[in-house]
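To start, the structure itself, in structure tokens.
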Amino acid sequence: MERVRTILTHTYPYPHEHSRHAVIAVAVGCLFFISSDNIHTLIDKLDNNIKLWSMYSCLLGFFYFFSSPFIGKTIKPSYSNFSRWYVAWMLIAAVYHLLSFQSMGVDMRMNLSLFLTIYVSSILFLFVFHIIFLGLWYIGLVSRVAKKRPAILTILQNCAVLSIACCVFYSHCGNRAILRERALERRNSNWFSFWNKEERNTWLARFLRMSELKDEVCSSWFAPVGSASDYPLLSKWVIYGELTCSGSCDGSSDEISPIYSLWATFIGLYIANYVVERSTGWALTHPLSVQEYEKFKKKQMKPDFLDMVPWYSGTSADLFKTAFDLLVSVTVFVGRFDMRMMQAAMVHIGDQKGELLYDQFSEKDDLWFDFMADTGDGGNSSYAVARLLARPSITVNTGDSVLDLPRGDLLLIGGDLAYPNPSAFTYKKRLFRPFEYALQPPPWYKEGHVAVNKPELPNGVSELKQYDGPQCFVIPGNHDWFDGLHTFMRYICKKSWLGGWFMPQKKSYFALQLPRRWWVFGLDLALHGDIDVYQFKFFAELVKYKVGDDDCVIIMTHEPNWLLDWYWNNETGKNISHLICDNLKGRCKLRIAGDLHHYMRHSFVKSDGPVQVQHLLVNGCGGAFLHPTHVFSNFKKFHGTSYECKAAYPSFEDSSRIALGNILKFRKKNWQFDFIGGIIYFILVFSMFPQCKLDHILQDDTFSGQLRSFLSTVWNAFIYMLEHSYISLAGSLLLLITAITFVPPKVSRKKQAMIGIIHVSAHLAAALILMLLLELGVEMCIRHKLLATSGYHSLYQWYQSVEREHFPDPTGLRARMEQWTFGLYPACIKYLMSAFDVPEVMAVTRSNICKNGMESLSRGGATIYYASIFLYFWVFSTPVVSLVFGSYLYICINWFHLHFDEAFSSLRIANYKSFTRFHINGDGDLEVYTLAVDKVPKEWKLDPDWDGEPKQPQQSSHLRKFPSKWSAAIPQQDPINAVKIVDRFVIRRTDKLDSPAINGSVIR
């Protein structure tokens, strides 16, 4: 019931409320008229047309697969609305040409032609009305509220609703005028006399004889409003009803058409509603009660988060900008200009403290701090992590004990702050907004403020050590470098607040001196995968002069080069390796990184050799889409030291299972891929249209024979493409080159070529099969005289004859309208019907080509032919191309461990989010807790605890007990309630060997 309520209730404030009510009324009317037939008649129709029903079911199934990603949701931009109208157009145009719908009680051809006529007339009428209304506003005769122009989509929707209503009425009641022999009886009859008959005293009898109630409705409820003689001024401007009587009838009908009456009623409702709205205001026409207002207010109180980035979108300007920025950054700036060099040049000699080195935490007895990376993708996932980070403390039940983990005084973010590219929009919407909702900035914060002299401390705080609120330090990732680090410098290094986290950072790399002789080195790898010489010089001197022999260092980078180098069989980060092996010499206890959007920890295996790094930790689950873990399950060695995987989240088994979503959900998650996939498939088979010689397939008596003939025709089409085609062959070769290049260079070139050839072969075979199925469908319809019977304008010609017969025009209204519009009125309807009837256009042109050759077509005719084919071929091909491509990704990721980025970015998974919380205790040991949430909420509401907590005007948000504004709509799904520990271990500061890990096995 809730689902029905959602469908019938518009999500957003809708100014023309009457059109939604009209939709409901039309739907109820359709159900009533269809159910008004006798039950036994319906059963007979179903039994006699079982093959028709099967054919329609197959056709509807294909169109369902095309529109399935848009069912139940509205996608922005309004591609889902376009899809619905497009599917309705193509489906109706195809269905009405199939075997007679009249045997099922519906005259589709009449309904279609009548709908298009009324639709065009309504649009023209309402456009004229709106022009007049705006003119009245211009000269000051109506209120200023009328200045706002009406939405074109609203006009089209209203015209469609009233046109469908008129067609439903005509389909079941006709255009009947009053029956002359029963005129007096009709005027004196009771509308509900149907229920007074004695023989219908049971509910079953009433239901079985519902058709009589339908006749009563048609003849009484929707009877003509009167004769034209009753309205002399309108007698020349109305449509007349068809005269029906027993026996012969002399003369013509004087009764106004009931369809015209219904149309005029709908038009009058629209005009009256629109005038009242624009003259008096919406609040006067629809006053809300206090309860309704409060309910509406709560409904609007939801966060405006952005969805996960659609990486396979064929229409996203952000993705094209990302590709362009990356191309410019790699080809122009890499090796020529490096922002890190400029930062080093701007650091004054002897003034590195405060510029690159920060020691405000070094005098604390202990310290809690957090690490996360790769945030700024979907708003729900980023906010879920930020809400946990902002919580004053997190209580976690570990089974045998309850842990209370305080909020970190320091937050480290490991890069990739916003996707897909760094810009003011993505940083504000995908990074700052979730963090500001989780922990609000101070009251004096101004969004546009530029911090010139950092750190800009709050009032009453004289030095950084005195500030007791949480602080944040950030390193850039590869996505942050796509614009040469411009946005990062502007929004991180030149701003003081990320939500309620204070940012004293001035450069893109830094060193933090922590309590108990612990250090954090934040390195900036840029797009090189390594630190530059100036950065190396700073950290090498820091190790030499500041870091003691017994100190412990945590190195934070964006990329986990230990995993990526193993995966790609490459060697990067030579300067980092030199810093760790030759300068730190075993003092690097832990390396932390992001970039890979999962959690994995590898710990060293005890051996006699030196251990340069004890633990390798990757946690890129800060908000971006999920990455697989099973691809990296065989990593064993780094810097000559053996490692074993102690924890993986999600587990290897879950990771492999999640990849199956590429087969089942690729198109649902990546509906914008339609624009690319449909066009590619059409190019592949462009030269093979039309297939004129299909007799051998249709004349075979056995299914096996038909299948053999079908497959041989597919093969012949492929050979024809190789020998004679230009466009399809060029498209196939270009696709082959792209597919081979798309295969990761992890495998040899020979395997790249084999995988690319198999991939393209699957797409080409699917495209050829779909092409032949479409051609067979058109050929069968032509053979059964369902298509190509009377030319391009067959629907309009048929409608003209029916219109003259059933819609009398004794006053010559149609002729006058044609004269006043200079012939545009009938021409618009004529060409609109031809444009709507795509199958007929396609079939007529195809027949001409098969008889006279392609040379007989003009350039315009060929364009129309291929356009009509594309309209249907796109519907058939888009689900298939997504299925083939999704299957390719699944096979590659699970069988060959290829495309770990492409195969999981396609799924846009917001779940499996985590961050790592560290604690330097009084003994100097580092306790490590990785906290995770399996399922990220999709719906949020205003947190009643946050809303009800008293707030002081100048109080900082970190002092509040409930700092986050939104909580999950379902309390059980709230991150605060669903958080769990997926890994826990301790790093000893003094001992060479660490204590055994707790919960340190691979998460299964």
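Keep in mind that glycine also has a Cβ here, set from the backbone N, Cα and C atoms.
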Correct range for transmembrane segment (source TrEMBL, candidates 20-40, 818-838): 20-40
Annotated stretches the transmembrane segment (671-689) and the transmembrane segment (755-774) touching (3 or more Cβ pairs under 8 Å): yes
Same-chain residues near the transmembrane segment (725-743), Cβ under 8 Å, at least 6 residues beyond its ends: 680, 683-688, 751-753, 755-757, 759-760, 763-764, 898
CB contact flag for the transmembrane segment (151-170) and the transmembrane segment (755-774), at least three pairs under 8 A: no
Remote residues contacting the transmembrane segment (755-774) - C-beta distance under 8 A, at least 6 residues beyond either end: 680-681, 684-685, 688-689, 691, 710, 713-714, 717-718, 732, 735-736, 739-743, 747, 869, 872-873, 876-877, 880-881, 884-885, 887-888, 892, 896, 898
